[in-house]
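Student: What follows is a structure written as structure tokens; I'll ask about it next.
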Amino acid sequence: MQPSGHRLRDIEHHPLLTDNDNYDSASSSSSETDMADRVWFIRDGCGMVCAVMTWLLVVYADFVVTFVMLLPSKDFWYSVVNGVLFNCLAVLALSSHLRTMLTDPGAVPKGNATKEYMESLQLKPGEVIYKCPKCCCIKPERAHHCSICKRCIRKMDHHCPWVNNCVGEKNQRFFVLFTMYIALSSVHALILCGLQFISCVRGQWTECSDFSPPITVILLVFLCLEGLLFFTFTAVMFGTQIHSICNDETEIERLKSEKPTWERRLRWEGMKSVFGGPPSLLWMNPFVGFRLRRLQMRTRKGGPEFSV
């Protein structure tokens, strides 16, 4: 039954939930604080494979840079400076990847379209609200349903299989940092590859590496291809994300050419909203706000999920 005084708009014309509907009361009454305290993890096969591949490719790049190019070098400070720099970029990139993957992107609580919740909203007469028929929640403005996460996500930009998660309101910052650090480490690796090729050609491939010349060439060529591919992809994604933040428009909203019904923020206001606070070095730190949590498995209606 639909409460008077407002209208519930549902594309599939599902009725408003009542107390007798078969939904988990715990999920419908969960607060935003409870949602924020959970470690988020999407059990999607494709996403998990892509996430593991990302880590393996970064580890491979670190192996080639460290053991093929830097350790055999006779220039001590060249090896130390570049080794520290590349490994720092790799650690920051992988840390940003983890934060993006394990952070709730802004999921709307499931099954909150109850009569009690509707009454608590204190809606004005004639005001229209939207309900998602798939996860049975009241959709806030600019929220979209993700078929992979099976949740409505606030300010959903897109679902990225490489981080096995949606990019939304709460984890967009970490995704931006991930793309930035991968792009920087790719540029660094490409520069080192170029210098290594020059050194090997001048030395006639005799003392440029501890590996045989054919293996060295194969490792360097593969790293160059990986670096070019990663740099192109992440640089484009980084630019797209910064453009979206500055224009206060998600990728989904841009593709749908939706007319804004919200007041757009100024460019710097959008950046401060995503990265938190005025410009500082903390914007570059993926560890800000990190809390070590204990993972455990809880069985809930609809399947198991990881939580604390």
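One-based numbering along the chain as shown.
Cβ coordinates come from backbone N, Cα and C, glycine included.
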Student: With Swiss-Prot as the source, do His97 and Gly277 lie on the same side of the membrane?
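Tutor: That holds: Swiss-Prot puts them on one side.
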Student: Please give the average pLDDT for the topological domain 'Cytoplasmic' (97-173) in this predicted model.
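Tutor: Mean pLDDT, the topological domain 'Cytoplasmic' (97-173): 87.
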Student: Enter the number of other CB atoms within 10 angstroms of the CB of Cys160 (active site, S-palmitoyl cysteine intermediate).
Tutor: 19
